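Some notes on the structure that comes next.
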Amino acid sequence: MSYSSFSIAQGSRVPSLSGTRSSSSYSLKSDLIPQSRRSHSVYGTPGSIRISSPSMPSAIVSSYSSTLSSALPSSSYGGNSYSSSTSFSSGGTDFLLGTSGKEAMQNLNDRLADYLARVRSLEDRNRELEQKIREWYEKQGAGTKRKDFSHYFKIIADLQNQINAGNMENARILLKIDNAKLAADDFKQKWEAEQALRLGVEADIHGLRKILDEMTLARTDLEMQIEGHKEEKAYLIKSHDEDMKALRSQLGGQVNVEVDAAPAEDLTKKLEIIRQRYEQLAEKNRKESEDWFIKKSEELNKNMASSTEALQTSKTEINELRRTIQGLEIELQSQQSMKGALEGQLADTEHRYSSTLMNLQNIINQKEAELSNIRADIESQASKYKILLDVKTRLENEISTYRTLLEGDAGRSHSSSHLSSTVSKDKVPVSSPNVITKVRTIVEEKINGQVISKKEYEGSPDQLSYY
């Protein structure tokens, strides 16, 4: 009768442990194993760890190569990769460790020592990198202080206040310019109104001048008529005197002959009456002409005086408006030149401070990129260090598992069958507190290679029993 196949499972994986036994079923517990056989020691230095045991069943190390590689996970850190696999084989049916078993144990210890030495070297390298990072931070202390841009914020705030003040000053200047433009437009409208009034007055003066010319012509005509009447009067007087003389001479040389006839009219009286009438008519015409001329002259003088005063007032106002417009134009030109200078100064200031801000932003981006790279390196180092810690913890768990297996299988010293085992352990994170380790034992009875019976048992590693 032979036993075949028992398995130890942790988590969800169930590796198999197979072997043959010639004795009947029995229960192997840790309390039944003598202290001498269960004694073992784990000792180590910072560079190595050794596991020693006075005896170790060959069933544990027969097929260890296929499962230890999964129990000891491969890891890479800092460009170095490590993988662990160990194989043990038993010579014959001896359950005690022979020469090959000791060599396998030594090989395992050497591999474990090498692995832990690599872990220690990586830890040393990690410490060196951390020291270099701290030294770099100490060297870059001034650079890290430059990352405090609070004083730049104050300068930027002052510059923004200056820019705002310049904008307000520009707004006030623009408002003054607009007010000056409105005042200039108002004065221009007044000037246009006065210009229209002036043109109207000049047109009236031109019309009055035409009237004056007409009156002058009429006066000249009347004077000429008066002169003609005077000449006619003188001619009439002269002709009258001549007629009188002729009549007197005729009367003196004739004989008076009285004839009973109607009395003759007195021509002198008639001529005198005619002369008086002409004189009265001429005097009347002269007085009427003089009165009309005086009246028209007074009206014309009054109109000319009022027009002259209005024209003088208009000229004065025009001169004042012209001077005001010239002053406003000069002020407008000065304000425009000041505006151009302020705009150029503002553009220069904005360009200069935009360049400064761009340089500061580039420095900030560079420092942030350096900080991101350093943070990424630190996170990478931390993650790799965490992986190493996990590997170390798993390795310690593996050592604990080896210790348990050494304690559990130390009593199997009288079996002559060949037993091969495969131990596998899942990569369960150490930080998972809810993982329960269970052991399932499968016992098969075979006769001539045929399975007669098969039994399965489950329990924790401390409760493992063999039947």
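Keep in mind that glycine also has a Cβ here, set from the backbone N, Cα and C atoms.
Residues or ranges marked as compositional bias 'Low complexity' in Swiss-Prot: 12-30.
The domain 'IF rod' feature in Swiss-Prot is assigned to 101-413; the stated evidence is sequence analysis.
Swiss-Prot lists 1-100 with the feature region 'Head', giving sequence analysis as the kind of evidence.
What Swiss-Prot lists as region 'Disordered' is 12-32 (among others).
For the region 'Coil 1A' (101-137), residue counts in helix, strand and coil come to 37 helix, 0 strand, 0 coil, using DSSP. Taken from Swiss-Prot, the feature region 'Coil 1A' applies to 101-137.
The annotation region 'Linker 1' is assigned in Swiss-Prot to 138-156.
Annotation comment: Swiss-Prot describes 157-248 as region 'Coil 1B', evidence class sequence analysis.
Residues or ranges marked as region 'Linker 12' in Swiss-Prot (evidence: sequence analysis): 249-268.
Counting residues per DSSP class in helix, strand and coil order gives 140 helix, 0 strand, 8 coil for the region 'Coil 2' (269-416). If you look up Swiss-Prot, you'll see 269-416 marked as region 'Coil 2', on the strength of sequence analysis.
Per Swiss-Prot, the feature region 'Disordered' maps to 409-430 (among others).
Under the heading region 'Tail', Swiss-Prot lists 417-463, citing sequence analysis as support.
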Secondary structure composition of the region 'Coil 1B' (157-248) [DSSP: H/G/I, E/B, coil]: 92 helix, 0 strand, 0 coil
